[in-house]
């Protein structure tokens, strides 16, 4: 398979799409994940963190690492894909993007496996020292993924290309592959196949969880509520994977082949457009991950519900106070002026 020479491809719609999408994700993601960390710090002493809570906190931290780089990417796309910031920040942004993506995949995977064990082996899971295992697994995940991502810190991450007007040059960030590079292709094949291996394991575990829960007889209303929440959690995890991660990894390998020059220019443009959309979908996991926590921990869900009803009550009280004042003031203003003089 010989590489073809092809001109630089661009998808100009991304200069409008990314600043809008990333701005929304940044605001919602910082609020949601910041609130999650605050709730965990307030409700749970560190010594009482079980395995599932350890994974949740680590997943939130991975999301926050990506969120702090979003302003850098917003500036980049607002400048028509021109990296005007210091070069090392491009390396940092690319490194944290990789860390967030695959830490999220890994922690969602171990969360799913935790629930799989809880459903299929409830007694053994209840007796196990899951806190120690949670800490150990989290350390392994961070060391492995940060170690792999450190490559992006030493990589020559920027390259110069002519701008769309042809009047000058722009500096791209992580948008250049050497044509025909077999090592780059092998790395991407490994990443994509590793992802789909994890996804198939998660899909299998979730299907077993759903089947087991549906086969269990429901004897009490409380058990029905627990089962409903567990099913929603499973569906939410699958939705996050299918919406955020699967489209990107379906497109990633064909896009890499096109970038390396192994596909014709017509296909290259189409796959590049699709790649930009999947990058946007990939970043939405920072907003969707906190939704999973509502189905995983009772205290978190209770705290969120109490805050919601507290806000509603405050609005009702405020509205009632305003109505009362209006009822008093309006009749007073309708009193004839001559009667006030008597």
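Glycine residues also receive a Cβ, built from the backbone N, Cα and C atoms like all the rest.
Keep in mind it's a predicted model, so treat the numbers as computed, not measured.
Summarising the annotation, Swiss-Prot assigns topological domain 'Extracellular' to 1-16 (among others) and lists sequence analysis as the type of evidence.
What Swiss-Prot lists as transmembrane segment is 17-38 (among others), and the listing cites sequence analysis.
The feature topological domain 'Cytoplasmic' is assigned by Swiss-Prot to 39-54 (among others), with sequence analysis given as support.
Residues or ranges marked as transmembrane segment in Swiss-Prot: 55-74 (among others).
Swiss-Prot lists 75-91 (among others) with the feature topological domain 'Extracellular', giving sequence analysis as the kind of evidence. Within the chain, the topological domain 'Extracellular' (75-91) has long-range Cβ neighbours (under 8 A, six or more residues past its boundaries) at 10, 14-15, 18-19, 22, 152-155, 157-158, 163-164, 170-175.
The annotation disulfide bond is assigned in Swiss-Prot to 90-173. In this structure, residue 173 (disulfide bond) is part of a beta strand by DSSP. In this view, residue 173 (disulfide bond) is surrounded by 21 other Cβ atoms within 10 Å of its Cβ, with every protein chain counted.
Outside the transmembrane segment (92-113), and at least 6 residues removed from its termini, the chain residues within Cβ reach (under 8 Å) are 52, 55-56, 58-59, 62-63, 65-66, 68-69, 72-73, 137-138, 141-142, 145-146, 148-150, 152-153, 155, 157, 173-174, 195, 198, 201-202, 205-206, 237, 240-241, 245, 282, 285-286, 289, 292, 296. Positions annotated as transmembrane segment by Swiss-Prot: 92-113 (among others).
Predicted-model confidence for the topological domain 'Cytoplasmic' (114-133) is 78, expressed as mean pLDDT. Residues or ranges marked as topological domain 'Cytoplasmic' in Swiss-Prot (evidence: sequence analysis): 114-133 (among others).
The transmembrane segment annotation in Swiss-Prot covers 134-155 (among others).
Under the heading topological domain 'Extracellular', Swiss-Prot lists 156-184 (among others), citing sequence analysis as support. Long-range contacts of the topological domain 'Extracellular' (156-184) within its own chain (CB-CB distance under 8 A, at least 6 residues past either end) are made by residues 2-3, 5, 8, 10, 12, 76, 79-84, 87, 90-91, 93-94, 256, 259-262.
If you look up Swiss-Prot, you'll see 169 marked as N-linked glycosylation site.
Packing against the transmembrane segment (185-205) from elsewhere in the chain are residues 105-106, 108-109, 112-113, 115-116, 237-238, 241, 245-246, 249, 252-253, 256-257, 260: each is 6 or more residues past its ends and has a CB under 8 Å from a CB in it. According to Swiss-Prot, the transmembrane segment annotation covers 185-205 (among others), on the basis of sequence analysis.
Marked as topological domain 'Cytoplasmic' by Swiss-Prot: 206-233 (among others).
Residues or ranges marked as transmembrane segment in Swiss-Prot (evidence: sequence analysis): 234-254 (among others).
Sequence annotations record features per position, and here Swiss-Prot assigns topological domain 'Extracellular' to 255-276 (among others). With helix defined as DSSP H, G or I and strand as E or B, the topological domain 'Extracellular' (255-276) counts 17 helix, 0 strand, 5 coil.
What Swiss-Prot records for 277-296 (among others) is transmembrane segment, and it gives sequence analysis as the kind of evidence.
The list of residues near the transmembrane segment (234-254) in space but at least 6 beyond its ends in sequence, with Cβ under 8 angstroms from a Cβ of it, reads 101, 104-105, 108, 111-112, 115, 188-189, 191-192, 195-196, 199, 202-203, 206, 209-210, 263, 267, 271, 274-275, 277-279, 281-285, 288-289, 291-292, 295. Residue 90 (disulfide bond) sits 17 Å from residue 169 (N-linked glycosylation site), taking the C-alpha atoms as the reference points. Counting same-chain residues at least six beyond the ends of the transmembrane segment (55-74), those with a Cβ under 8 angstroms from any Cβ of the stretch are 18-19, 22-23, 25-26, 29-30, 33-34, 36-37, 40, 49, 85, 89, 92-93, 96-97, 99-101, 103-104, 107-108, 110-111, 114, 134, 137-138, 141-142, 283, 285-286, 289-290, 292-293, 296-297.
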